Amino acid sequence: MIEKIENVSVIGAGYMGGGIAQSLAAAGMKVMLADVSPEATRSALTRLLSEARDFEAQGLFKAGSAAVIEANLSAADSIEAAVRDADFIEEAVPEVPAIKHEVLGRICAAARPDAIIGTNTSTLPVHTLAPAVTHPERFLTVHFSNPAPFIPGVELVCGVATDRALIPVVKDMLRRADRNSAEVADTPGFVLNRLQYALLKEANSIVEEGVATPADVDVIVRSTFGFRLPFFGPFAIADMAGLDVYANCFKTFEDAFGERMATPELLKGLVAEGKFGVKSGEGFTGKHDPEKLAKLVAYRNNAYARMAQLLQELGPSPLAES
Ligand SMILES: NC(=O)C1=CN([C@@H]2O[C@H](COP(=O)(O)OP(=O)(O)OC[C@H]3O[C@@H](n4cnc5c(N)ncnc54)[C@H](O)[C@@H]3O)[C@@H](O)[C@H]2O)C=CC1
Ligand SMILES: O=C(O)[C@@H](O)C(=O)[C@H](O)[C@@H](O)CO
């Protein structure tokens, strides 16, 4: 079993693969790229190095990053050449099962039998891709988000055959690239996109029903509950709002939208036990003593105030309505 990932291969040097390659190269790993052709790969490398210099000049990358990326990132003439010596191979070709199956097959035919193989799929369960992988014990989802150089979270998904000894090795690679990761179960869309697409689906319904325009939906999302999300997930947010309040709100939603918006059983159970979140000292996120809760509230208030200052400094996005 590989103990430390030093040599990486990224197959598919597009939007995600390119950013993943930059990120891992900047973290000191040797990264080889391969795309549909040697010309496409070399063109991608040129783009990525130029982009890295621009990002460093803009202060978006740490000083010296562009030189480190240039020293560590290279273009291979084929998938086979790219993966030959790799400890870890990240597949980042289009979200088309047939393409992924073909590329995973080529990777497996040329990579070392102990090489760890990751897929950057957005939604495809590991069990639908694993049949294309020899030695599926070395295969898992390592799901970066866009744009890869700037989004810190990575979703890890094991298949039934995945050797769980891979997880600390992959997590170590991600830590060295300043990424934090969480492992979730192997279901369609995992956690990230199941939630992200549920939000977009409901947002589309809101627009289709004439409740709001896309622009106004975006304003509300990014300036209310979205404003909280860089610091807290939905369960922490609910604990701070009050689970009794959430239970009352779900009654409104169930009356209006039926079963699909009925009060979740987990929430019902907590409220029935008098566990209302921060206000009662226990909720979705567990039990917390008054000292910790005081620190939480202080952290929250500071974070939100600082976020508001940052948004003031940045000014509105070009998409924001004047
Ligand atoms: N675009 C996004 O926001 C995100 C996408 N993903 C996932 O990452 C994967 C890649 O997505 P993107 O980077 O957006 O796509 P993309 O289209 O930007 O890049 C895909 C790259 O794969 C190359 N390619 C296609 N067939 C190939 C083959 N047979 N051999 C080698 N290279 C091949 C293409 O030339 C292209 O450069 C997909 O599974 C996608 O669902 C995951 C997170 C975010
Ligand atoms: O949001 C992200 O960056 C990722 O979770 C994704 O998988 C993509 O956005 C996906 O939803 C579209 O490619």
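Glycine is treated like the rest: Cβ placed from N, Cα and C.
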Site co-member for NAD(+) according to TrEMBL, given G12, A13, G14, Y15, M16, G17, D35, E95, K100, N146, K279, out of S50, S74, S78, S122: S122
K100 (NAD(+) binding site), number of other Cβ atoms within 10 Å: 23
Contacting binding-site residues, sequence order - G12, G14, D35, K100 vs ligand 2, Cβ under 6 Å: none
Nearest-integer angstrom distance between the alpha carbons (Cα) of G14 (NAD(+) binding site) and H143 (site 'Important for catalytic activity'): 15
Neighbourhood of H143 (site 'Important for catalytic activity'), C-beta criterion under 8 angstroms, separation at least six: T119, N120, T121, S122, V154, E155, L156, V157, F190, L192
Set of same-chain residues at least 6 away whose C-beta sits under 8 angstroms from N146 (NAD(+) binding site): Y15, M16, G19
